[in-house]
Amino acid sequence: MAHQAHAYHMVDPSPWPLTGAVGALLMTSGLAIWFHFHSMTLMTLGLILLLLTMYQWWRDIIREGTFQGHHTPPVQKGLRYGMILFITSEVFFFLGFFWAFYHSSLAPTPELGGCWPPTGITTLDPFEVPLLNTAVLLASGVTVTWAHHSIMEGERKQTIQSLALTIILGLYFTALQAMEYYEAPFTIADGVYGSTFFVATGFHGLHVIIGSTFLAVCFLRQIQYHFTSEHHFGFEAAAWYWHFVDVVWLFLYVSIYWWGS
Amino acid sequence: MPTCTNTHTGGQRSKKGGTFSAQPKSVYYALIGLFQVLSLPHLASRAFSTTVRQMKNKVPDCQKVFLEDNGLPIHIKGGTTDVLLYRLTMAITVAGTGFSCYWLLFASFPKSKA
């Protein structure tokens, strides 16, 4: 049996990059077919394929790291760089929507009444549910840090409890925001105010759901003894992502909800 | 063969979140919901401590399975379920590619007038 003379991970050949790429093709072309020919089959197939690919690809990474021991310190360093670069790309994604908001709100056109918020728009009170949402996400930042320290100190029960609390707070935020969306006195079609509001907060909400899912996977892995007090990068990546989601909300709250009202 | 893709989480209490009345944007109602949520941990700890006690550490068994020198690639090394899931995924990939080619051809030609 040949043994490698280095600490890096030469991965087994995998079909998931191909299936993922085809899934993306089906979702995008399926979207166009849905728009023009009213058939959702292609898009649905693409979504199923994407979900299957994500499940199996990440399952394989867990197997390679936790069960085969391939995630040596140099490999882990690469994973850290990867997660940091990914979050940086997401920062730039949101920067674009903040640019759009400030472009329209700093110099409101005559069509809007020359003012911001535009004439006719009833804004949400920033000191009602949006402030509660801020408190919920800040609290979840505390609980996820508590979970991290619990993992590092080998406290299994506390890790499980604090991680569960973090996920519950994330779900609570999502439920509150869904209620706000339902009750809002304006829609996405209400000019540039509606567009910037719902696209920016909508993409943020999607990231909260993604972050909550990531934390939930970490919760299941913690219950199954996958993490050790020294090696738990999957959890750290989830915690970084969660802090990023929290910070984006703070910018959204100050810019759109507070200053923008 | 141990089911290393087991996602058993034990008993979990369902979230008894705040009841959302149709009253909009009342911080009072939302805070009630938050207090109910925050009371969950002491309830959850009872359920979770049972879960914690019952869950056995199956990681060594999984390590044995995935370190076996059988030449299988990681994506099918777990057993029959892996193979079935892989075949399902590949089937959707091939069928989907064919389907998207069909729709491309359909969309490329002008619609025949009835």
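Placed from the backbone N, Cα and C atoms, the Cβ positions cover glycine too.
Because TrEMBL annotations are produced automatically, they should be read as predictions rather than curated entries.
Record features, source TrEMBL:
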| type | residues | note |
| --- | --- | --- |
| DOMAIN | A:4-261 | domain 'Heme-copper oxidase subunit III family profile' |
| TRANSMEM | A:16-35 | transmembrane segment |
| TRANSMEM | A:41-58 | transmembrane segment |
| TRANSMEM | A:79-102 | transmembrane segment |
| TRANSMEM | A:129-147 | transmembrane segment |
| TRANSMEM | A:159-177 | transmembrane segment |
| TRANSMEM | A:197-220 | transmembrane segment |
| TRANSMEM | A:240-260 | transmembrane segment |
Same-chain residues near the transmembrane segment (A:16-35), Cβ under 8 Å, at least 6 residues beyond its ends: 41-47, 49-50, 52-54, 56-57, 60
Contacting positions for the transmembrane segment (A:240-260) when only residues 6+ beyond its ends and CB under 8 Å are counted: 83-84, 87, 90-91, 94, 98, 101-102, 105, 116-117, 123-124, 126, 130-131, 133-134, 137-138, 140-141, 144, 166, 170, 196-197, 200-201, 204, 207-208, 210-211, 214-215
Sequence-remote partners of the transmembrane segment (A:79-102) [C-beta within less than 8 Å, at least six residues beyond its ends]: 71, 196, 199-200, 203-204, 207, 233, 236-237, 240-241, 244, 248, 251, 255-256, 260
Intrachain residues whose Cβ lies under 8 Å of the transmembrane segment (A:159-177), provided they are six or more past its termini: 129, 132-133, 136-137, 139-140, 143-144, 146-147, 150-151, 201, 205, 208-209, 211-212, 215-216, 218-219, 222-223, 227, 242
